[in-house]
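K.L.:
I have a structure here, written as structure tokens, and I will follow up with some questions on it.
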């Protein structure tokens, strides 16, 4: 980003970077974020594509920080449900945004951890001095999901393209069967188990004996916390309205335990035990996009931009859910302890803990696992339980149960939120707090990261 | 930019329609001469009338601008502007010669031409009153100017500059006001007087970029007049922050990205609004130099049907919030060394308007607030003024009943048309710049010399 020539405060030129082998690792900071309000599927954004929404999230970020026509070091974003035409989704979004068309871009996909992984990857590039500024993002639309032709039809069409003679063409078409004409919509089912994400979580929830009441209480807290954060203007500089939607469409500020208790279970109905997972304590399908502005401290200072929090470290994990050794969404339970150990930290060292609420059960299973001596000894190889998360520090401005969960956009939402929380706390209390972010993902994966107030 | 449109004015761009309108004795409004960077100041030579010393010194000052200056009209030649220097009238008989001289060359005034009188107020803002005969002659200029302005056609306007005690005709503030009134920036200012008091003597280094490098904040900037103000301030060189309620964030971001500003989503009625604006402007630009209080709402109802919610909402947004924010700004050391505040009043606040008791009370209140705050701002080397728009083509006036709208456009103003948001913006930008040196505590109407509030 170049300094504005008429700015009243003279800005110094960027420091020339030393050669790579002598370059020290530096800090990468979160400068701010922007997202569009998340909409329930087939709602306000039914007519918006992933590219539309990601462009809107980028443009809101550009407007907030005055980045018009600036060349950003690199932009990375992705979507979980992606049309084949969107092979260059992020680049197309950047070209349609107010950023300089000379901004380089890459797409990334790690299921629901996509958004967090873009933050980590770009922060690492900043730390290494490869880039000075970056925008990490993610977007997903379940309303505008790609619908594919069946494998049978696809195979016939490809063969038809290769056929030269009319006879060969007829032969190809003759293979077509009526069932091949049915389209295939994407689902959240795991390819190797055939179980949906909800059914997988129902197994884990039951195994950890998480009660319906505990899940409903967590869902209620998510709505109450999100509503309160809106009420105090917390999202004024984190969200830009889009297509007439001003707040997250899934937020139910007036929900109650009574209302949540009335909902019928939707997952785990065939487990033989009482089913506990409802539409109220599971995240709905959602459309939305988010973006996070990252930079070196030098970049932020040079451009008079705020520094909210440093991206300290991150860890990914994966579990073997295919053979039933672990629950599908339990990978962060492994990523977090490894991350804490590497950084010499305990759970109690964090002022804010953000655990993505794929389902209320997911969060509660993680908390239970970290409190379980057996789990921590047998699965993590620890002498004692990892510890408890103080509920007063957990998802304090709400999470996915209330806000919704457009898969790849969730990481950006959480990172910007926790960075702002840390910054607010630092301003109020004058100390550098820490935040822990944990996101589970399809395929038995999970990613965790540590942020620290600047 | 203006979503609303005057289709009659558009129709008259067709010569046949224009002739027909003439035969039917319908109003034939002109396309106004509006400022475009690079255009000459006037559409022809400037004629300086007046027998006193001031006329001579003022003519030399205009020569220094590179203008084609005449002291006598050449018969048959088009004149771009006439400056009538009347600061020496001492008794009513002194008016005859300059008035008749002005009349003799009126027919030579070019389309979009300008008449500007330079005179002294009947009662100076401080000090002893003028003798009755002198006061009568000085006040006579008021009637002369306002009437000649009504006789002008083809988009020409007439306005006056009043020299306060101790201010001579070539004071920087007088020249700044004169340049504004002669230029296309004052297209919809007609029949108005600007009182120039003793200023700081500062003049903009570049008259085409009079607010270069200044950090400016415009509230209510997501659309209409506010967006136009932000755009004009940016064009004139300011570093602009646009503010609007979070719900208008999408339009606000679009404005910011179009003009190159930063967007701040903020409800100005929040108690911390002033602090948030200061924090943002100081963080991004080091300080806050210019504040434009444009945000305003209407909740029209006849007083007999008025309820507390409508009354209070209008007074809170349009007046109380401005008072609170000004208090916060003036208490802060982040406010620049020569702060300029411009508030949006309304002709409704001057003349009253049926169904707008709440709105008119709030806007009249603004005029009072500006007058009372002037000494405080002057003490800091700055100024506070108001602009009172008349009928401006915006989304707000597009919602008026058609008959009332047509009357407001066509019958009431001398210019026979509504103004555009940019017309208000130009006046605001002038008052936000050092060109308005010595103008303080005043309310400038931008109304095309409407009968309302005249």
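We number each residue from 1, going along the chain as drawn.
Each Cβ is built from the backbone N, Cα and C atoms, and glycine gets one as well.
Pulled the feature table from TrEMBL, pasting it below:
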- A:112: active site, acyl-thioester intermediate (ACT_SITE)
- A:405: active site, proton acceptor (ACT_SITE)
- A:440: active site, proton acceptor (ACT_SITE)
- A:7-17: compositional bias 'Pro residues' (COMPBIAS)
- A:29-298: domain 'Thiolase N-terminal' (DOMAIN)
- A:307-452: domain 'Thiolase C-terminal' (DOMAIN)
- A:1-24: region 'Disordered' (REGION)
K.L.:
Given a separation of at least six residues and a C-beta threshold under 8 Å, show me what packs close to residue A:440 (active site, proton acceptor) in the same chain.
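P.N.:
Listed in sequence order, they are A:112, A:113, A:329, A:330, A:331, A:332, A:356, A:358, A:362, A:446.
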K.L.:
Counting Cβ neighbours within 10 Å across all chains shown, tell me which of the active-site residues A:112, A:405 comes out on top.
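P.N.:
For the active-site residues A:112, A:405, the Cβ with the most other Cβ atoms within 10 Å is A:112.
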K.L.:
What is the three-state DSSP composition of the domain 'Thiolase C-terminal' (A:307-452), stated as helix, strand and coil residue counts?
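P.N.:
Final tally across the stretch: 63 helix, 33 strand, 50 coil.
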K.L.:
Summarise the model confidence on the domain 'Thiolase C-terminal' (A:307-452) as a single mean pLDDT, whole number.
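P.N.:
Across the residues of the domain 'Thiolase C-terminal' (A:307-452) the model's pLDDT averages 97 on the 0 to 100 scale.
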